[in-house]
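**Student:** Please see the structure below; I have some questions.
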Amino acid sequence: MASTTMTEPWLLENGNVKGLSREITRHGRTAHNMSSSSLRKKSDLTLVSKVRWGCLRLLLTNIQEVILGTKLSVLFPAIPLAIVANRFGFGRPWIFALSLLGLTPLAERVSFLTEQIAYFTGPTVGGLLNATCGNATELIIAIFALSQHKIDVVKYSLLGSILSNLLLVLGTSLLCGGIANLKKEQKYDRRQADVNSLLLLLALLCHVLPLLFRYAGGASTALTADPTLQLSRASSIVMLISYAAYIIFQLATHRQLFEAQEDSEDDDDVNSEELPVIGFWSGFAWLVGMTVVIAILSEYVVGTIEAASESWGISVSFISIILLPIVGNAAEHAGAVIFAFKNKLDISLGVALGSATQIAVFVVPLSVIVSWIMGIKMDLNFDIIETGSLAIAIIVTAFTLQDGTSHYLKGLVLLFCYVVIGACFFVLKSPLSKYYLVTGSFPNQISHGILNIIE
């Protein structure tokens, strides 16, 4: 019975008592866990506890905790609406919008479920699960886009996630935190920021070199296509190895750098959340189910993004780089800003830099490897404007975080950088957007798209 778990260190599910070690119940919580918990609300199980039938009581408890236990529960109706809209052939822009809204609470709930499972598996396995599922939405969207040969949608959405975390989320957090704490000096641990900055610079190198191949020795695009692809695949393997080393560094050798530290005034709230509210198998089942729903909505998003672009008069690049990351990760972003208001910048930085690092050195190279397996030629050449925007974002962020202190002006500058980059992609529209999604590489392959039209 879930209400019992709030006072005792065990959980009764399906008639079995599942023990919890004291080490697990007080394991270090990561910035992602803390950020997501800021959007959760305590469930009142008074009425549920009066239900006589155990199975029904367990089901209602799970629904109360998983579906209604978040402040974003009002967005859950968008999920069945998106499925109904797709089933009965409603306007494709409506399907896109509803699917995007439906993904917002799902991303936060996945974080909640991985944390619940971590209470039973231990902090190390839980950390690995969180590292794998932390950006599940981006990865699933990328896989569906690859299956439809929309390589640029993959590149745009992943680039947008990195830019939004480094400039929008971090910038908003530093700005709001600086304004809310004008009379306090805001400090954070530079060591975690340094580790993430190094990995982001490694990712930037892996993007810059394939781009430079195009201009090396004046060779044509056709001559440099294969070397660029081979270099991208080799670089992707290197980045995945570096990410594995990062996980070992984060979860084993230097765990203390990445554990979110709670203040003493919040001890009561933290202690109330130190015990699981659902069982292991319930959490696992919910996690699988929500992953399936994310996959369905991601397929809708990928399949309707061009229709939404044409209907709204907005380029696919702007939708993929700006709208998808903002709406899809709204819950995580809001949590980072909330903790910045509370002068807990280490948590805000852990969310922003951690997500950006995970996408840059894990999701992006994994997408390249997956496309390789699928027989699709995806490289790390994101083209000059996209790569330039990525370089500026990483370098500006690294300079911003180099002294270990923060004020509102730093956040304002990061936000202005994001606004300028967003404006760039808003006005940059490919005249052959339909074929640009498949062939890619604007502007050097426009002639190839023209040949497709002629044929």
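Note that Cβ sites are derived from N, Cα and C of the backbone, with glycine treated the same way.
No curator has checked TrEMBL annotations; they are predicted automatically.
Per TrEMBL, the features are:
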TRANSMEM  66-85  transmembrane segment
TRANSMEM  94-113  transmembrane segment
DOMAIN    94-251  domain 'Sodium/calcium exchanger membrane region'
TRANSMEM  125-146  transmembrane segment
TRANSMEM  158-180  transmembrane segment
TRANSMEM  195-216  transmembrane segment
TRANSMEM  237-258  transmembrane segment
TRANSMEM  278-302  transmembrane segment
DOMAIN    283-421  domain 'Sodium/calcium exchanger membrane region'
TRANSMEM  314-341  transmembrane segment
TRANSMEM  347-373  transmembrane segment
TRANSMEM  380-401  transmembrane segment
TRANSMEM  407-428  transmembrane segment
**Student:** For the transmembrane segment (380-401), which recorded stretch in the set 195-216, 237-258, 314-341, 407-428 gives the largest number of Cβ pairs separated by under 8 Å?
**Tutor:** 195-216
**Student:** Hey, which of 94-113, 158-180, 314-341 has the most Cβ-Cβ pairs under 8 Å against the transmembrane segment (407-428)?
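**Tutor:** Stretch with maximum Cβ contacts: 158-180.
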**Student:** With a cut-off of 8 Å between Cβ atoms, can you find at least three pairs linking the transmembrane segment (195-216) to the transmembrane segment (94-113)? Only pairs 6 or more residues apart in sequence count.
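**Tutor:** With fewer than 3 qualifying Cβ pairs, these stretches do not touch.
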**Student:** Checking distant contacts: for the transmembrane segment (158-180), what same-chain residues at least six beyond its ends satisfy Cβ-Cβ under 8 A?
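**Tutor:** Same-chain residues near the transmembrane segment (158-180) but 6 or more away: 135, 138, 142, 186, 200, 320-322, 324-326, 329, 332-333, 336-337, 339-341, 343, 345, 348-349, 351-353, 355-356, 359-360, 363-364, 367, 382, 386, 389-390, 393-394, 396-397, 400, 406-415, 417-418, 421.
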**Student:** So, taking each listed stretch (66-85, 94-113, 278-302, 347-373) in turn and counting its Cβ pairs to the transmembrane segment (314-341) that are under 8 angstroms, which one gives the highest count?
**Tutor:** 94-113
**Student:** Could you tell me what the rest of the chain brings near the transmembrane segment (347-373), counting residues at least six beyond its ends with Cβ under 8 Å?
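**Tutor:** Contacts of the transmembrane segment (347-373) (Cβ under 8 Å, skipping residues fewer than 6 from its ends): 30-32, 34-35, 131, 134-135, 138-139, 142-143, 146, 151, 154, 158, 161-162, 165-166, 169-170, 173-174, 177, 188, 192-193, 196-197, 199-200, 202-203, 206, 232-233, 235-237, 239-240, 242-243, 246, 258, 260, 329, 332-333, 335-337, 339-340, 379-380, 397, 401.
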**Student:** Short question: which residues 6 or more past the ends of the transmembrane segment (94-113) have a Cβ under 8 Å from it?
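**Tutor:** Same-chain contacts beyond the flanks: 32-33, 36-37, 39-40, 66, 69-70, 72-73, 75-76, 78-79, 81-82, 85-86, 130, 133-134, 136-137, 283, 286-287, 290-291, 293-294, 297-298, 300-301, 304-305, 307-308, 323-324, 327-332.
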**Student:** Summarise the domain 'Sodium/calcium exchanger membrane region' (283-421) as counts of helix, strand and coil residues per DSSP.
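**Tutor:** Helix, strand and coil residues of the domain 'Sodium/calcium exchanger membrane region' (283-421) number 115 helix, 2 strand, 22 coil.
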